[in-house]
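Novice: Annotation source Swiss-Prot lists Ca(2+) binding site at D1181, N1183, Q1184, C1186, D1189. Marked as compositional bias 'Basic and acidic residues' by Swiss-Prot: 34-44, 1005-1016 (among others). According to Swiss-Prot, the compositional bias 'Pro residues' annotation covers 59-71 (among others). According to Swiss-Prot, the compositional bias 'Low complexity' annotation covers 300-321, 384-408, 513-531, 717-737, 785-795, 951-974, 981-1001 (among others). Feature annotation from Swiss-Prot assigns compositional bias 'Gly residues' to 634-643, 775-784 (among others). As annotated by Swiss-Prot, domain 'Fibrillar collagen NC1' applies to 1133-1366. Taken from Swiss-Prot, the feature O-linked glycosylation site applies to K177. Residues annotated as allysine in Swiss-Prot, with similarity to another entry given as evidence: K84. For K177, the entry in Swiss-Prot reads 5-hydroxylysine, with the evidence type similarity to another entry. According to Swiss-Prot, the feature region 'Disordered' maps to 27-1131.
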Amino acid sequence: MLSFVDTRTLLLLAVTSCLATCQSLQEATARKGPTGDRGPRGERGPPGPPGRDGDDGIPGPPGPPGPPGPPGLGGNFAAQYDGKGVGLGPGPMGLMGPRGPPGASGAPGPQGFQGPAGEPGEPGQTGPAGARGPPGPPGKAGEDGHPGKPGRPGERGVVGPQGARGFPGTPGLPGFKGIRGHNGLDGLKGQPGAPGVKGEPGAPGENGTPGQTGARGLPGERGRVGAPGPAGARGSDGSVGPVGPAGPIGSAGPPGFPGAPGPKGEIGPVGNPGPAGPAGPRGEVGLPGVSGPVGPPGNPGANGLTGAKGAAGLPGVAGAPGLPGPRGIPGPVGAAGATGARGIVGEPGPAGSKGESGNKGEPGSAGAQGPPGPSGEEGKRGPNGEAGSAGPSGPPGLRGSPGSRGLPGADGPAGVMGPPGPRGATGPAGVRGPNGDSGRPGEPGLMGPRGFPGAPGNVGPAGKEGPMGLPGIDGRPGPIGPAGARGEPGNIGFPGPKGPTGDPGKNGDKGHAGLAGARGAPGPDGNNGAQGPPGPQGVQGGKGEQGPAGPPGFQGLPGPAGTAGEVGKPGERGLPGEFGLPGPAGPRGERGPPGESGAAGPSGPIGSRGPSGPPGPDGNKGEPGVLGAPGTAGASGPGGLPGERGAAGIPGGKGEKGETGLRGEIGNPGRDGARGAPGAMGAPGPAGATGDRGEAGPAGPAGPAGPRGTPGERGEVGPAGPNGFAGPAGAAGQPGAKGERGTKGPKGENGPVGPTGPIGSAGPSGPNGPPGPAGSRGDGGPPGATGFPGAAGRTGPPGPSGITGPPGPPGAAGKEGLRGPRGDQGPVGRTGETGASGPPGFTGEKGPSGEPGTAGPPGTPGPQGLLGAPGILGLPGSRGERGLPGVAGSVGEPGPLGIAGPPGARGPPGAVGAPGVNGAPGEAGRDGNPGNDGPPGRDGQAGHKGERGYPGNIGPVGAVGAPGPHGPVGPTGKHGNRGEPGPAGSVGPVGAVGPRGPSGPQGIRGDKGEPGEKGPRGLPGLKGHNGLQGLPGLAGQHGDQGAPGSVGPAGPRGPAGPSGPAGKDGRTGQPGTVGPAGIRGSQGSQGPAGPPGPPGPPGPPGPSGGGYDFGYEGDFYRADQPRSPPSLRPKDYEVDATLKSLNNQIETLLTPEGSRKNPARTCRDLRLSHPEWSSGYYWIDPNQGCTMDAIKVYCDFSTGETCIRAQPENIPAKNWYRNSKVKKHIWLGETINGGTQFEYNVEGVTTKEMATQLAFMRLLANHASQNITYHCKNSIAYMDEETGNLKKAVILQGSNDVELVAEGNSRFTYTVLVDGCSKKTNEWRKTIIEYKTNKPSRLPILDIAPLDIGDADQEFRVDVGPVCFK
């Protein structure tokens, strides 16, 4: 098919050849006339080609300094994010320093790249006339000149006979266009013309527009697994997953470097009583202590010296029963147990009922957090030794061998952009490129206008004189000849085009004032006005009522350890009291107050060991007996069997201090004693061995902000990673596979199992107070009610090890073994293996809230707020008159940054910028694909301390070191054999009291004894604390519908809603009354000469006479004056009419009007054809062809967009979905509204035709955008303010089944201009969502899927904005 331009060219060629043929015939019969007048001025030509791009502007001034970066991680989190810290880490973040002064202006940046070509400029003004060019070459020979002036008239000849009819004259100049005549009668149908010669094949046409999208094909066979794609770009950090289950207990790591000495720790839990060490030298006499309870009868002692008789003591008064003692403090938390097997997922329980608001706790004083001390070797905890004075720190250990290469760390936060470097030198000019391909031949130009008539030719030579004619006789004037035969009818011409508007007539007389017309019908609703300026700041509203308490939050991270309390002052040491004689066993009474101490009696003789008697019944409480006289010491009897334990007796009176007895034999190791009171400070012990590396302490306080560093050099550019397209967000992965089992650690001693501590009861939630200044970090809250099971998170990092549980109760004492032969001194045994950890203790009671911390420093400026909703397009204004040129404006501020240009050439290395502040922790990103092997890393940091080396050779004896800190309890020695009793020595004098010796090494644990006799039934224990909240029960049956609540008070007036869409066009109004007569038009200009009249009658006969009179009285006439009536020359007018009709049709195609009969292809075509038009509704036909399926759209000429409205534009507000159990995204159109998706129809166009037009619109555009407004009542649309995440955001469905989401791949995420639906306030709010893309196939939006719906009080409605293509 011929293109439009080809058709037009052929037509013009045909017409030109036809005119040329006619002209040649005319020239054969008529001589060329004189030069005609100059033609009228032609119409304005089309706009010229676009001007070349302007030169680049000068670089703008440097921008203002940016705001300070966000604060770094707090001290408490630094340790969690950096496991490589050694020793003391940095402290908590210091206060933010003041904002620095703006930096000096940077050097001007490098020249920017050439910007994109601008829009074609307006045609420039006609330039001044150029200088006169050089003379041209001689022209072609001119045409024949005009005929010379007529010669003198010859003598009059004889009247000749009437001549034949002359040839018709040349057609006259076209006359001015006449006013439109009445429609002529329909002409007869012409004969079909002969078939034309087959034309040459036309030039290949341009590529047609792509056809409609075909129906979706059947799914193909499953393809082979493709090669793994390139590594995708790192996704945005996902939200932090829940803390995973505690990992298995890892193997013991190598000992670390010695940590710095920590501060004094808290008083540790009571340890197991250690085995009795060998007896130390006798201590100083202590102050008299309070008598202890009566012990069991001891073995008879050796005979003592006879003491003096003591004075009889007064019987003590029986004390009243004491009040019950206060409740003991909860025990320390036990160690975390090994990870149990993963339980099966329980069914989701119903939401728990809201607890009552508790009273606000008293503020506790916030203590400074002490760094953790170095971790000691794990063993049985011995009794607290006397604290030695801290010795000097030992020398640092040798540097360990470098550790194995660590895994690559996470990307650090982006540093602050350094100052721009100086501008580099201009590079050398590039080599001239090869010549480009020659351009395509242009289309043939339109036929130029007809040239002006040539200049008159030279006068021709005079003709020969003719022969003398014979004188004729004067004839009579002849009669008028008959009219000629009627010419053949011409072909019916094309209907002439509509003539141009005639010149205005002369002003008419002023008419009478007409009657007032009838009131017109109301016009159509105007488009919404542009958004007004923001109103003044409103008065601050009163404080709202306190909202209901929120649901319990997620369980917080464990709080930092509290500071250790001040160690209590050591009590004064009491004198050990002597045991009184046991009284008779009374019945077990209530515990009385301690009686006064009785006087001490002399030691009795050692009696023989009697058999164990049966336990007597508890007797009544007896009166204290009179102190008996001391008996003489008896001989030592054999040891009897242990008797059953009698009931505790009443405390006896305090005895007098006895004299020092003989030194007894060294007894067997006694049972573990109770924990002793802290002793006095001992002398510093010898320096201990270097301790293992301590755990990393928490971050220390941030140092003051350092001065700004000088700019460093720019680092080398790293290797470019593969450009992977980021895939769509994957679902959260299942927990990762269990890691390989670590190497088996050395077996520890079997530690005693600690008792389970009581459960702390959770305090009730307090009422929400007004938001205070940021306090210091509080303790972890009680666990909330069990929520619905969330999606499976990724496996979290192993949880921290639990606190070691308190030691269990001591085992029963074993039987005394048989005495074996004395063995040789054995070697020191190796350290026993570490015992298994005790079960985890329960959470303690929630401590009181701390006092509110001081107000933190002002926060960094928040991120830029979301863009406001674009205002509704205003009504197109009428085109204003052209204004006068304005005064030259002042230089404007630098404009916004342009679109990012292509990457510049590599600049010189810039200076290293100051280290940026640590950014806030981002949400954990989704797992990326495994990256390629990175380049070899730099040398790692010093590795951990290696395993203990083999013992070296014995070195020389060093000098005595300064006394070190108290060393750890040594390993337990083996149980020695009992020595033979030595002979009793004579009593020596009492020696001076020596200093207290250091504690001896702990003996190894004895064999487990046989179980002792069953003790008496203990007192009933105190009521235990409440247990942990059980798992939610099975869902109960649905309760009956509650009675409707009372109507709440009217809410405050909501914000003004968005302007509604423009109303439909109003009906056409009734015709108005006939207006008054117009003013008479001005005098028209003189028309062209009319066609020549018919030939005149023959002239009168000449005068008779004998002379020759060749007088000629006819007027001269010009050759271009018509001499024949127009009816005789119809063919020229047909050609003229045809040409004009064709020209009008071509103009119509080239400059569409945007009407239904003459639609444009897109709004861009209309804007290019009519740049003076304003935005509004026009008709377009993207698929071209027949105009019956043209569609009416809104053309925004300011942006060049074509916008199509949805039908309907509003989804009404109601509770669309009732199901509070299922919480998932529900598609509004597909599921809720019965499969009715959003439609974009235009009146008079079917859905299929509209789909075709939309498909062409997408092909013709390279950019599309659309807005959706979600009006909500108690429904989250995007950000959930309570949780701070986007998990409840709505999903949109695009045209090609792509889902547009709130987070994930940036190509499929929408943006939010206004987010009012972030919390549930029982009021109507709105969220405006916008999606812009350079893939028009994704729009328009067809459906929306909210998640947070289903409850009785949740309603929503949707406004679907127009889809705009560009």
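Any Cβ shown, glycine's included, is placed from N, Cα and C.
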Novice: Identify, in sequence order, the residues in the chain of D1181 (Ca(2+) binding site) that are 6 or more apart from it along the sequence and have a CB within less than 8 Å of its CB; answer 'none' if there are none.
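Specialist: Within the chain, D1181 (Ca(2+) binding site) has Cβ neighbours under 8 Å at P1159, A1160, R1161, T1187, D1189, A1190, I1191, Q1253.
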Novice: Using a 10 Å radius around each Cβ and all protein chains in view, which of these binding-site residues has the most neighbours: N1183, Q1184?
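Specialist: Neighbour-count leader: N1183.
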Novice: Restricting to the same chain and to sequence separations of six or more, state which residues have a Cβ under 8 Å from that of C1186 (Ca(2+) binding site).
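Specialist: For C1186 (Ca(2+) binding site), no residue qualifies.
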Novice: List the residues in the vicinity of the Ca(2+) site, defined as same-chain residues other than D1181, N1183, Q1184, C1186, D1189 with C-beta within 8 angstroms of the site's C-beta centre.
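Specialist: Other same-chain residues with Cβ inside the cutoff are P1159, P1182, G1185, T1187, M1188, A1190, Q1253.
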Novice: In three-state terms from DSSP, label N1183 (Ca(2+) binding site) for me.
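Specialist: DSSP call for N1183 (Ca(2+) binding site): coil, neither helix nor strand.
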Novice: Count the other Cβ atoms sitting within 10 Å of the Cβ of D1189 (Ca(2+) binding site), across every protein chain shown.
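Specialist: Taking every protein chain into account, the count is 19.
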